[in-house]
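Take a look at the structure below.
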Amino acid sequence: MGFLEEKKILVTGISNKYSIAFGIAKALHKQNATLAFSYHTDRLKNKVYELAKELGVKIVIPCDVSDDNSIKRLFFNISKKWITFDGFIHSIAFAPKNQLSGDYVSSITRLDFSNVLDVSSYSFVGMAKACRSILKKGSSLLTLSYIGSKKVVPNYNVMGIAKASLESNVRYMASCMGLNGIRVNAISSSPIKTLSSYHIKNFKKILNHTTSRSLNNNLTTVEDVGNTAAFLCSDLSKGITGQIIYVDGGFNITAMSNSE
């Protein structure tokens with residue numbers, strides 16, 4: 001019997017079998033959670049259905065988080081299947097490729113800035129707002145961040161601003177929803193090799209630097225993030241809310257590695 005037995009959790013942001021969201025889904029499934037998946041576009045539909053079948057997931061629903069009505073439909077459909085549920089994984093971020101390289105000030109536009117923060121940050125609180133009435137007491141809401149929210153990472157640019165906004169969202173949401181027994185946290189992991197990560201210019205250089213500066217000199221894996229997410233979705237972590245949990249081998253505290 002897993003420690004997520006009888007928990008019903010929605011996982012968003014799955015795009016392929018290598019995605020962090022699917023790694024989290026596998027960890028939740030391993031602990032016997034009942035899952036639902038959402039997907040963004042029809043282009044992803046068949047792939048997400050395949051991955052859902054792999055884990056025995058019965059509920060797969062489209063959702064465009066830039067559209068409030070689409071978010072409302074997502075949770076209306078969830079409520080028809082589950083009535084109430086125990087939380088969701090927000091693994092959603094977006095930035096045009098041209099915003100992930102070069103000079104931040106020169107390349108940024110008002111439209112891109114607005115769209116990136118809307119999809120990458122507002123969507124988290126927008127989803128919470130839409131499903132608040134059907135969340136059980138003791139539910140857990142979890143999102144994914146990165147150290148680029150606090151420190152400058154070359155080429156991360158507007159995504160750093162979006163992640164800073166997202167982390168502030170976590171704190172204010174935790175404050176608002178705590179009286180309902182709902183916890184809100186984020187995982188901030190090291191860079192992980194996924195298809196989307198390679199949109200960031202010089203990603204391999206960032207990856208190698210992070211690994212060399214980590215205290216254990218190891219790459220952070222999707223499994224590392226998934227196991228932490230499973231814990232944060234469980235009652236084992238009921239005393240943790242409003243936190244940014246680092247899963248980065250200690251990189252965030254390191255000014256200089258032992259090998260330097």
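Glycine residues also receive a Cβ, built from the backbone N, Cα and C atoms like all the rest.
Model, not experiment: these values are computed from the prediction.
Positions annotated as active site, proton acceptor by Swiss-Prot: Tyr146 (among others). Under the DSSP three-state reduction, Tyr146 (active site, proton acceptor) is assigned to coil, being neither helix nor strand. Of all Cβ atoms in the protein chains displayed, 24 besides its own lie within 10 Å of the Cβ of Tyr146 (active site, proton acceptor).
With a 10 A radius on its CB, Tyr156 (active site, proton acceptor) counts 26 other CB atoms from all the protein chains. Positions annotated as active site, proton acceptor by Swiss-Prot, on the basis of similarity to another entry: Tyr156 (among others).
Feature annotation from Swiss-Prot assigns NAD(+) binding site to Gly13, Ser19, Ile20, Asp64, Val65, Ile92, Lys163, Ile192, Lys193, Thr194; the stated evidence is similarity to another entry. Take the CB of Ile20 (NAD(+) binding site) and look out to 10 A: across all protein chains shown you find 24 other CB atoms.
DSSP gives Ala95 (substrate binding site) a coil state; it is part of no helix or strand. The feature substrate binding site is assigned by Swiss-Prot to Ala95.
Annotation comment: Swiss-Prot describes Lys201 (among others) as site 'Involved in acyl-ACP binding', evidence class similarity to another entry.
Per Swiss-Prot, the feature site 'Involved in acyl-ACP binding' maps to Lys204 (among others). Sequence-distant neighbours of Lys204 (site 'Involved in acyl-ACP binding') (same chain, 6+ apart, CB under 8 A from its CB) do not exist here.
According to Swiss-Prot, the site 'Involved in acyl-ACP binding' annotation covers Lys205 (among others), on the basis of similarity to another entry. Lys205 (site 'Involved in acyl-ACP binding'): 12 other CB atoms within 10 A of its CB, across all protein chains. Mapped onto three states, the DSSP output places Lys205 (site 'Involved in acyl-ACP binding') in helix.
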Mind giving me a neighbour count for Val65 (NAD(+) binding site)? Other Cβ atoms within 10 Å of its Cβ, every protein chain shown. 23
Students should find that the Cα atoms of Lys193 (NAD(+) binding site) and Lys205 (site 'Involved in acyl-ACP binding') sit apart, in Å rounded to an integer, by 12
Between Lys163 (NAD(+) binding site) and Tyr146 (active site, proton acceptor), how many Å separate their Cα atoms? 7
Across all the protein chains here, work out how many other Cβ atoms are within 10 Å of the Cβ of Gly13 (NAD(+) binding site). 24
